[in-house]
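Accompanying notes for the structure given below.
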Amino acid sequence: MVNIEIDEGSGFCFGVTTAIRKAEEELAKGNTLYCLGDIVHNGQECERLKKMGLITINHEEFAQLHDAKVLLRAHGEPPETYAIARTNNIEIIDATCPVVLRLQKRIKQEYDNVPASQDTQIVIYGKNGHAEVLGLVGQTHGKAIVIETPAEAAHLDFTKDIRLYSQTTKSLEEFWQIIEYIKEHISPDATFEYYDTICRQVANRMPNIRKFAAAHDLIFFVCGRKSSNGKILYQECKKINPNSYLIDQPEEIDRNLLEDVRSIGICGATSTPKWLMEECKKAILNEK
């Protein structure tokens with residue numbers, strides 16, 4: 001008999017849970033509700049909410065909208081979004097994650113407090129174009145420098161002061177690699193300060209996912225293709241257990257992989273709904 005375990009630590013983080021709850025509450029009232037961008041980087045959950053009536057729009061469509069109600073997802077938005085909402089009489093339901101909100105305020109404060117004469121580089125370790133990163137860069141009027149990997153730290157100007165922050169869902173390990181690299185290369189005349197702004201709910205999943213991956217013969221990591229956090233966690237799974245496979249939905253399960261395994265683990269990202277992992281378990285059991 002095959003043992004199938006769903007990782008208790010996987011599933012929505014509190015920021016995503018709050019955003020979805022707010023959307024469901026509003027839709028339950030029968031109101032028309034728009035969401036600026038995918039509410040979560042998971043196609044199956046987005047489809048579920050679409051069936052409930054949630055209308056997903058992009059920033060161009062948002063700018064053309066008037067007298068409407070719009071939900072801002074957990075990733076956060078730049079100041080320009082709020083300015084458009086005021087101009088267009090858009091009622092905002094702000095579901096920005098409190099961890100992201102605090103980070104936005106810190107970066108804005110850093111930017112506002114730097115004298116014009118002081119050429120300080122505000123650096124964000126994150127994914128270029130990611131919704132959260134766009135919101136963070138927006139706090140600096142587009143002046144912040146985004147680096148995606150430790151290798152990109154080499155492009156910084158080490159003769160100038162550096163203030164380093166991180167997207168909340170990035171790898172803590174890589175963040176420290178960047179810190180060490182900058183410390184080694186910064187000019188004695190320049191200052192370097194860094195702030196560990198990675199969400200602990202995300203960071204703490206790394207040791208848990210390692211333990212979970214090691215405990216099973218086969219791992220199915222359930223995650224939307226757009227999930228930044230999911231890519232990091234899946235790579236860690238694969239490192240610990242080479243017999244790990246990334247799937248977006250139950251239909252992607254390769255039945256050939258189920259042969260001769262005694263223990264199967266199902267886990268996911270902070271954007272993976274529990275119900276989807278349960279569906280994957282059901283799909284496996286139907287075949288076994």
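Heads up, the Cβ atoms here are built off N, Cα and C, so glycines get one too.
Per Swiss-Prot, isopentenyl diphosphate is bound by His75, His130, Ser227, Ser228, Asn229, Ser271; the candidate from His41, His155 named for the same site is His41. From the candidate list Cys46, Cys199, Cys223, the residue Swiss-Prot records in the [4Fe-4S] cluster site shared with Cys13, Cys97 is Cys199.
Each residue in Val40, Ala131, Glu132, Thr169, Gly224, Lys226, Gly230, Ala269, Thr270 lies on the same chain as His41, His75, His130, Ser227, Ser228, Asn229, Ser271 and has a C-beta within 8 Å of the C-beta centroid of that dimethylallyl diphosphate site, without being one of the site residues.
Same-chain residues that are not part of Cys13, Cys97, Cys199 yet have a Cβ within 8 Å of the Cβ center of the [4Fe-4S] cluster site turn out to be Phe14, Gly15, Val16, Ala74, Val99, Val100, Thr168, Thr169, Gln201, Val202, Thr270. Residues His41, His75, His130, Ser227, Ser228, Asn229, Ser271, recorded as binding dimethylallyl diphosphate, reach a greatest CA to CA spacing of 14 Å. Its own atom aside, the Cβ of His75 ((2E)-4-hydroxy-3-methylbut-2-enyl diphosphate binding site) has 29 Cβ atoms within 10 angstroms in the protein chains shown. Using a 10 Å Cα-Cα cut-off from His75 ((2E)-4-hydroxy-3-methylbut-2-enyl diphosphate binding site), the recorded positions that qualify among Cys13, Cys97, Glu132, Cys199 are Cys97, Glu132. Nearest by CA distance to His41 ((2E)-4-hydroxy-3-methylbut-2-enyl diphosphate binding site), out of the recorded positions Cys97, Glu132, Cys199, is Glu132.
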